[in-house]
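Per Swiss-Prot, the features are:
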| type | residues | note |
| --- | --- | --- |
| BINDING | F14, S15, G16, G17, Q18, D19, S20, A21, T22, C23, L24 | ATP binding site |
| BINDING | C202, C217, C220, C223 | Zn(2+) binding site |
Amino acid sequence: MTRKDAKSSALVLFSGGQDSATCLAWALDRYETVETLGFDYGQRHRVELECREGFRSAVARTFPEWGERLGDDHMIDLSVLGSISETAMTREIEIHAASNGLPNTFVPGRNLMFMTIAAAIAYRRGLRVLVGGMCETDFSGYPDCRDDTMKALQVALNLGMDSRFVLETPLMWIDKADTWRLAHELGGDELVELIRVETHTCYLGERAELHAWGFGCGECPACRLRKRGYEAYLSGEQVTEPA
């Protein structure tokens, strides 16, 4: 791929979860070539990584035009992040609020590292657009999901690599119900069903039971949010966070 193709190509941070799967569909609907990037950082719910190829294959099979646009997949070993993170995302510990008010599922520096590595790969591959599922509506207070963080990171990456990357975050200002709605707008019931069955959200990595909203334990914060979002999507309502 040459630099002149960069404006019509994108690299999507694709974990295998609902949000990043929706972002992948969003990118496939807009760009001529879309590559994907995943990270193994020792996450407790690494079953999500096992969902990545299944979802990619299902999307390509179900939506042939998107399949023609779907490019290479990249998987990066980022185990160093897990080794320095004492969080409920990387350790078998109970999920609770930490002393700083953030949930202990927050992995410090995760999205900063993800985007920096994504930019390095995009630079080498001649890709201009980086797409991530960060969201400031359903973000549990994670500071590296904020719009200000992404805007600052875009500036830093462009200065540091003398490039003109564009960081796209299509979910930034929408809730989980609207994320389901966006999936429906992009690919109808077929895409919604693929996301429901083929993606993974549960922090505990539970994939034994298929609920109406997808697989999961049904009790962790991620499952509860996904469940409320799906139910609100079906009813046409917005998701309201509990007090």
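All residue numbers here begin at 1 and follow the chain in the order shown.
Note: Cβ is positioned from N, Cα and C throughout, glycine not excepted.
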Entry from the binding-site residues list Q18, S20, T22 having the most other CB atoms no farther than 10 A: Q18
Spatial separation of T22 (ATP binding site) from C217 (Zn(2+) binding site) - C-alpha basis, Å: 21
Distant-in-sequence Cβ neighbours of G16 (ATP binding site), under 8 Å, six or more positions away: G38, E48, L49, E50, C51, R52, F55, T199, H200
Collapsed DSSP category at Q18 (ATP binding site): helix
Rounded inter-Cα distance in Å - F14 (ATP binding site), C220 (Zn(2+) binding site): 21
Neighbouring C-beta atoms (10 Å sphere around the C-beta of F14 (ATP binding site)): 31
Reduced DSSP assignment, C220 (Zn(2+) binding site): coil
Shortest C-alpha distance to C202 (Zn(2+) binding site) - which of the binding-site residues Q18, S20, T22, L24: Q18
Most Cβ neighbours inside 10 Å, all chains, among the binding-site residues L24, C202, C223: L24
Residue among the binding-site residues C217, C220 whose Cβ has the most other Cβ atoms within 10 Å: C220
Pairwise Cα distance for L24 (ATP binding site)/C223 (Zn(2+) binding site) [Å, integer]: 21
Minimum Cα separation from C220 (Zn(2+) binding site), reported as the residue among binding-site residues Q18, S20, T22 that achieves it: Q18
8 Å Cβ shell about F14, S15, G16, G17, Q18, D19, S20, A21, T22, C23, L24 centroid, ATP site members excluded: F55, G133, T199
